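Down below is the structure, laid out as structure tokens.
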Amino acid sequence: MALTAALKAQIAAWYKALQEQIPDFIPRAPQRQMIADVAKTLAGEEGRHLAIEAPTGVGKTLSYLIPGIAIAREEQKTLVVSTANVALQDQIYSKDLPLLKKIIPDLKFTAAFGRGRYVCPRNLTALASTEPTQQDLLAFLDDELTPNNQEEQKRCAKLKGDLDTYKWDGLRDHTDIAIDDDLWRRLSTDKASCLNRNCYYYRECPFFVARREIQEAEVVVANHALVMAAMESEAVLPDPKNLLLVLDEGHHLPDVARDALEMSAEITAPWYRLQLDLFTKLVATCMEQFRPKTIPPLAIPERLNAHCEELYELIASLNNILNLYMPAGQEAEHRFAMGELPDEVLEICQRLAKLTEMLRGLAELFLNDLSEKTGSHDIVRLHRLILQMNRALGMFEAQSKLWRLASLAQSSGAPVTKWATREEREGQLHLWFHCVGIRVSDQLERLLWRSIPHIIVTSATLRSLNSFSRLQEMSGLKEKAGDRFVALDSPFNHCEQGKIVIPRMRVEPSIDNEEQHIAEMAAFFREQVESKKHLGMLVLFASGRAMQRFLDYVTDLRLMLLVQGDQPRYRLVELHRKRVANGERSVLVGLQSFAEGLDLKGDLLSQVHIHKIAFPPIDSPVVITEGEWLKSLNRYPFEVQSLPSASFNLIQQVGRLIRSHGCWGEVVIYDKRLLTKNYGKRLLDALPVFPIEQPEVPEGIVKKKEKTKSPRRRRR
């Protein structure tokens, strides 16, 4: 479709009207360029997909929404905007789209959150009830749902009242009532525990109400994990050919895709035996009480028992083999080099893939049959079986995917990382098996790039070391396929608005020197606090260990420090804003996650402290396997993995400072390697152009370090 004169006029009219809605709106050339590039791509005038880096201040959200909505209307398609996290998803849904609705009054939009963000009305009713019959019913359905105390019951009753009177839409983030994680776990549900259309509350269920709204919406705000799942199952979202897709925070996509495709399962032999026994009994109950018209051959008791016995023997053999690779009787981990399994293990995995897939098919057949039963049956008993069969289906589905992935030598042209872990829980040792591909470009090509005609991938940071090459390698986007890569200029004058400060540290921030380095950092930080030049400050660390050691050095300043983990992030930011507004000094302290999505302008943040260059951890199974693979290709892992990742992290950290034309301040980086190592210049060259200062550092007095037992990493 060409960009017609009428379409261009519509986009221009909305953009002009928007300027009247935003106080102090400043027209910016990069924003106009982004609107034009997005429009050309979505209309099919230029290229297949567009990766566009839009630095802070460009106004990227409105720059893709305006042309996206106009073209979606013209082509009668749905515009899907996907983000990496719930916070940005909610911001677009609650702030940006309502703003656009002022200039597009008939705009219809909705949000598609994951099932776990919504309350389950069935569970809420049980927890809000004082009637024991409700709780007895849930117990019969194998759901232990009782309030822990009267206060919790009253809280749930208030939530139910708000839901029933439409004061609350059922989203966890949209209520002011405090809901701790333990209570929310019981209030929400997952796919395996949902009765779907068989549930009494189906028509009023917030999750399904939201899903039905998608069919009527012009704009759907989703997240990357949900989009990946929807493309895999062809559910939730409209047909890919009828979509326009924008992937905001697109730099997260490869990691989200990899996480979505990672498979893990417990394979402890006694536990596995119990699951198989429960399933055979479940099938027997279905055959006895709700016999299907057509009997699946595998449901015949003798055949099912023999099938499960073979499956158990394979699992038991695998337990014995894997345990040989790990020290006996304790928590441990074993990774298979280059993802290459011994022949014996590979043969077991291949056979397990076939056997678990057959059980998955049997569970699905019974579940479909049970779901079609009429009201002439005992509905409570039927629902109990549906829930149990649904959970069995979820287990065998995950197992089938795990063993299929374990059977692959490569995925997306790279090895599949495979490892086993032994973990202690409540005094018992449990064995787990894990698989994940180190590259997901083929899967992204199949699910997204080839399926959806035109996609916009955008973020304030898409490049590392001034290059799109890392994004191209990890995502599979490529110029040869017609994909375009654009980096917009920043609208800010960084030279005038701020500076980078690299203190003259005596030591590098290596593990051996960590204590002295943090002591020096704390001394310089204390000097900055005492100067009283800055009201709002942010301190970013590469590890929780280093953050804790720093806090040990500044205990007398603890009252002004708002530390990640003390409270939910949004509450820390709220408190920070209030303090600065009252003229008080306030310091946010956190890890890399605080370097994303934190938008504090002016005095709210005028000094950022960065502990050190944040190279990625090198001890995870995925990173180690990727390193082995790169070396086998005569590629240097530091250049391919570590340095681009560090550059990316540093760009994001430094990007916290200048958020508007009125922002000012300093970025203090406590890492002399930026000036002494060859790669330091490359890292600095990828940052906005700030003047650099190198002040002296007061001597830090090293504290005696208490011996602490470092926690063992359980997962990658």
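Start at 1 and count along the chain as shown; that gives each residue its number.
Every residue gets a Cβ built from N, Cα and C, even glycine.
For P55 (ATP binding site), the same-chain residues lying six or more positions away in sequence with a CB closer than 8 A to its CB are P30, A460, L488, D489, S490, P491, F492, G655. Per Swiss-Prot, ATP binding site is recorded for A54, P55, T56, G57, V58, G59, K60, T61.
Under the heading [4Fe-4S] cluster binding site, Swiss-Prot lists C120, C194, C199, C205. Taken residue by residue with DSSP, C120 ([4Fe-4S] cluster binding site) is part of neither helix nor strand, so it is coil.
What Swiss-Prot records for 17-294 is domain 'Helicase ATP-binding'. Looking just at the domain 'Helicase ATP-binding' (17-294), the mean pLDDT is 90.
The feature domain 'Helicase C-terminal' is assigned by Swiss-Prot to 517-698.
Taken from Swiss-Prot, the feature motif 'DEAH box' applies to 131-134 (among others), supported by sequence analysis.
Sequence annotations record features per position, and here Swiss-Prot assigns motif 'DEAH box' to 248-251 (among others) based on sequence analysis.
Residues of the same chain lying 6 or more positions beyond the ends of the motif 'DEAH box' (248-251) and with a Cβ under 8 Å from any Cβ of it are 51, 60-61, 64, 81-85, 88, 92, 224, 457-459, 461-462, 471, 596, 648. Mapped onto three states, the DSSP output places K60 (ATP binding site) in helix.
Secondary structure of the motif 'DEAH box' (248-251) per DSSP (helix as H, G, I; strand as E, B; remaining residues coil): 2 helix, 0 strand, 2 coil. Cβ environment of C120 ([4Fe-4S] cluster binding site): L187, S188, T189, C194, Y201, C205, F207 lie under 8 Å away, each six or more residues apart in the same chain. When the Cα atoms are compared, G57 (ATP binding site) and C199 ([4Fe-4S] cluster binding site) turn out to be 47 Å apart.
Within 8 Å of the Cβ centroid of the ATP site, not counting the listed residues A54, P55, T56, G57, V58, G59, K60, T61, the chain contributes P30, Q31, M34, S63, A460, L488, P491. Listed binding-site residues: A54, V58, C194, C199, C205; maximum Cβ neighbour count within 10 Å falls on A54. Sequence-distant contacts (6 or more apart, same chain, Cβ under 8 Å) of T61 (ATP binding site) comprise I92, D96, D248. Cβ-based neighbour count (10 Å, all protein chains) for T56 (ATP binding site) stands at 20.
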